[in-house]
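Reading through the structure tokens given below for one structure.
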Amino acid sequence: MPHFIASSFTHPDYPFEEEGYCFSDSLSNLLHPHEELVRVEVEGKEFFLRIKHRLKENDFIIRFDKSTRVSPVGIIKKALRIFAQKSQAQILSDNLSEEDSIRQKRLTPFLKTPEFFMHEAHQGQYWVEIGFGSGRHLLHQAKAHPEKRFIGLEIHTPSIEQVLRRLELEEISNVSIVSYDARVFLELLPSNAIERLFVHFPVPWDKKPHRRIFSRAFLNEAIRTLGVGGVLELRTDSEDYFLFAKELLLELNRVHFSIRKNFDAPISSKYEDRWRKQNKNIYDLLLHNDQHSPDPLRPSDFSFKPLKRCDAAELRREIREGWFASIERLYRSKDGKSMAIRSSFGDFAYPEKKYLWIKGEEARYFGSSPIPSLANHQAHKLLEEWLS
């Protein structure tokens, strides 16, 4: 994470501009006086630098606030270098080298955001793999079917970086990578947008079955996003997981599925190679979709009504069925005219962390609006109620 540590620094006069960067204000934490935020704007993007006075070490650590992450990371490093220079920081250590920033200014075209597919997905267009790991199966399918477009979903950063490197080295152009929870991602896709959906060797969670990706809610979203003739393919070495998934399918009112055991797939993963050597059984469960699904009504309004009082916010947390909302930290600008509220909300599996920016009677989400999932919208309405 880009940062520097300083023995001392002095806030410059705000606002100030340098090399296209606007440092517009600093804000103090209302409950923790040893923490501050600095608001930065550049190229239509905005983010916070966070300053923490570490009393035990008798120094200051200045980094970007990861809740306001922007890409590429070179933008953040340059902002920190400018701030260090303008604040006359006495730097003790840093990881802000120019060489790294130049290399990190380049964005890979293969890494996409979930929002991208809300507008780009079309019926029967995508083959999707959830949890692609080393990418062996995903890349094999992409090379075998160059006419298809693939989405690989993964939350393990080293796996993502490895596959991104291979996509560039092997010049594979029909794959997009998304670092996001698959259960929430499917909710964002248009109906009938997937032709094949692969879930190969998911973590079985034998002692915590509630953490499995297969659930009634997941199956409902899978069926909705599969086009007519689309297939959901589960491949697992866990008999318990296989039986669990089969029972979920049988609970559906109408379903067509098939089963295979120890079927030789065109390509095997490193996990499958390991299980084969141990003479373990491999189970395939294939759900065949034969129904067209209408597009759901997706929440789109994440605006706030005019506020009566800027100081109405307070720390609080509320848990509802399937979602939650919380206000975690409160910050106020030096002139008292603006506030930043750090909030966490939405689905328990993949919560959003967002700042609310309040100036006068106006409130908005800092940086960008939340992902338009149902859980996020329900939480948004509760946040709006708290601030009214």
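For all residues, glycine too, the Cβ spot is worked out from N, Cα and C.
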Among GLU147, GLU154, GLU161, which residue does Swiss-Prot name as a further S-adenosyl-L-methionine binder in the site formed by GLU129, ASP181?
GLU154
Using C-alpha atoms only, work out the spacing between ASP181 (S-adenosyl-L-methionine binding site) and LYS207 (substrate binding site) and round it to an integer in Å.
21
State the Cα to Cα distance, in Å, between LYS207 (substrate binding site) and GLU129 (S-adenosyl-L-methionine binding site), rounded to an integer.
25
Grab the S-adenosyl-L-methionine binding residues from the record (GLU129, GLU154, ASP181) and give me their largest CA-CA distance in Å.
12
